[in-house]
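Comments concern the structure below.
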Amino acid sequence: MRICKEKGIKMIDFKMTDLNGRWRHITIPVERFDEEIFTQGIGFDGSNYGYAPVEKSDMVFIPDPDTAVVDPFTEVPTLTMCGDACVIGKENRPFDQYPRNVSLRAIEYMKEQGIADRMLIGPEFEFHLFDNVSYMVEPQRMAFTVDTRQAAWNSGKETFDNKGFQVPGSGGYHIAAPQDVAYNLRSRMCMMLQDWGVDVKYHHHEVGGSGQMEIEVELGDMVDMADKTMIIKYVVHNAAVQDGRTATFMPKPIYKEAGNGMHVHMLLMKDGEPVFYDENGYSGLSRTAHYFMGGLLKHVPSLCAFTNPSTNSFKRLVPGYEAPVTIGYATSNRSAVIRIPAYAKTPKAKRFELRNPDATANPYYAYAAILMAGLDGIKNQIDPQANGWGPFDCNLYELSEEEKSKIQSLPKTLDEALDALEADHGYLTAGGVFPERLIRIWLKNKREESGELSLIPHPAEFQRYYDL
């Protein structure tokens with residue numbers, strides 16, 4: 001209430017996450033806002049979020065006051081906050097499938113195991129900025145077009161004030177102005193994020209010359225970082241529109257250019273001390289860290305169903321674009337699914353990153369699944385080296401076919417990832433963190449999604465087959 005008075009707030013906005021990881025919202029006048037809303041909540045239709053059948057769809061949203069912040073994009077002064085969904089009852093029981101609740105349960109499960117009391121993660125957010133985009137899916141016409149004046153394909157265009165500073169398709173990494181036409185926009189995005197409580201590490205132009213960008217944030221507690229992942233996507237999308245552009249986190253919006261990942265750096269802490277550090281271990285990592293990596297590497301095929309949950313995700317996970325395709329770990333190796341940063345040398349900085357995730361993931365489910373896979377590795381002492389997962393201190397893209405055949409690969413399609421999840425999800429349901437019903441719903445929805453997309457004729461099919 002203090003913030004409302006200080007900032008002249010007129011509206012209170014509640015942002016809720018649906019099953020797929022999109023924000024939805026409902027807004028009330030500030031006059032309706034009182035302390036009771038933090039216990040009684042505000043009602044909503046759970047069926048439209050994918051959480052409940054229409055005949056049992058009434059749910060309540062309980063806002064978390066710690067997430068309150070002034071929304072920078074509204075004309076009317078608006079305070080916004082995240083929170084949790086509950087099943088209506090005497091005590092409004094937390095809904096076990098709601099993404100944020102799953103993430104909270106994963107942290108509680110970790111604490112109950114006595115392994116750690118904090119899971120810190122730091123995602124890297126890659127995205128594309130375009131000047132415009134159009135797409136259509138009709139029975140007689142399928143097409144999409146993206147464009148940005150900085151793309152190499154526009155070097156000969158005279159339809160705009162062309163200054164000739166286009167960027168080659170794979171030459172964008174850390175490119176400076178004037179080629180980096182989005183520098184000022186990214187800086188504004190980062191200032192908004194800082195105001196929203198997101199600690200930005202840095203931002204820069206990424207490899208993809210046709211408008212690929214990156215914003216990386218400092219490590220933070222897992223549930224808080226899932227909240228901030230939603231905030232980051234919201235800010236990037238809206239700031240781009242505000243600037244007359246459009247942003248996408250799609251893993252592979254442009255053929256034959258680098259795709260957008262969401263690499264996740266991670267470490268565990270217990271009683272203020274790092275769990276993953278051992279100066280005598282490989283790359284300074286403790287035995288516990290190795291077991292955690294072992295759990296990730298064992299379960300990563302099924303993890304992909306949550307960390308890479310779109311058909312487009314697997315168009316990114318191909319050789320040649322610094323995206324992982326083989327299951328292994330190593331220091332400084334961007335071709336491995338787990339990379340140990342060589343520059344992270346101090347005990348509290350010692351960590352590794354999982355490189356396959358992308359931002360089509362629902363962050364609450366994805367981060368919780370990552371934690372559960374790692375905890376399973378610790379519980380069962382899954383040794384990554386003994387299982388043949390590395391360390392691979394070589395370019396995995398350049399292995400011979402015979403060498404590649406000895407190393408397990410990531411799923412090549414969403415269907416393969418879903419098959420892996422169906423066969424391997426006991427580590428997720430441990431401790432009731434992921435309800436079995438949620439796994440079944442996820443499999444059903446994603447199989448329907450993949451099946452529908454597989455039936456749509458593709459323009460490239462006309463190119464290949466029309467004249468046969």
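Glycine too: its Cβ is placed from the backbone N, Cα and C atoms.
Per TrEMBL, the feature Mg(2+) binding site maps to Glu124, Glu126, Glu206, Glu214, His263, Glu353. Annotated L-glutamate binding site per TrEMBL: Arg316, Glu322, Arg334, Arg355, in sequence order. Taken from TrEMBL, the feature ATP binding site covers Arg334, Lys348. Residues or ranges marked as domain 'GS beta-grasp' in TrEMBL: 7-90. For 99-468, the entry in TrEMBL reads domain 'GS catalytic'. As annotated by TrEMBL, O-AMP-tyrosine applies to Tyr397.
Projection of TrEMBL feature records onto the structure.
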residue : record                   : DSSP (3 states)
Glu124  : Mg(2+) binding site      : strand
Glu206  : Mg(2+) binding site      : coil
Glu214  : Mg(2+) binding site      : strand
His263  : Mg(2+) binding site      : coil
Arg316  : L-glutamate binding site : helix
Glu322  : L-glutamate binding site : coil
Arg334  : L-glutamate binding site : coil
Lys348  : ATP binding site         : coil
Arg355  : L-glutamate binding site : coil
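If you take the Cα of His263 (Mg(2+) binding site) and the Cα of Arg355 (L-glutamate binding site), they are about 4 angstrom apart, rounded to a whole number. Comparing the Cα of Arg316 (L-glutamate binding site) with the Cα of every entry in Glu126, Glu206, Glu214, Lys348, Glu353, these being the binding-site residues, the smallest distance points to Glu126. Put simply, Arg334 (L-glutamate binding site) is 10 Å from Glu353 (Mg(2+) binding site) when counted between their Cα atoms. Here the candidates are the binding-site residues Glu322, Arg334, Lys348, Arg355, and by Cα distance the one nearest Glu124 (Mg(2+) binding site) turns out to be Arg355.
Summary of the Mg(2+) site environment: with the site residues Glu124, Glu126, Glu206, Glu214, His263, Glu353 set aside, the chain residues having Cβ atoms within 8 Å of the Cβ mean position are Pro123, Phe125, Glu216, Gly261, Met262. Taking the centroid of the Cβ atoms of Arg316, Glu322, Arg334, Arg355 as the L-glutamate site, the other same-chain residues with Cβ within 8 Å of it are Gly261, His263, Tyr321, Ala323, Pro324, Ser335. Between the C-alpha atoms of Glu206 (Mg(2+) binding site) and Arg334 (L-glutamate binding site), the distance comes to 15 Å. With respect to Cβ neighbours within 10 Å, the binding-site residues His263, Arg316, Arg334 differ, and Arg334 shows the lowest count. In this entry, Arg316, Glu322, Arg334, Arg355 make up the residues listed for L-glutamate, with the farthest two CA atoms of the set 14 Å from each other. Along the domain 'GS catalytic' (99-468), the predicted structure has mean pLDDT 93. Calculated from their C-alpha atoms, the gap between Arg355 (L-glutamate binding site) and Glu126 (Mg(2+) binding site) amounts to 12 Å. Cβ neighbour count for Arg355 (L-glutamate binding site): 21 (other Cβ atoms within 10 Å of its Cβ, all protein chains included). When Cα-Cα distances from Glu126 (Mg(2+) binding site) are compared across the binding-site residues Glu322, Arg334, Lys348, the shortest belongs to Glu322.
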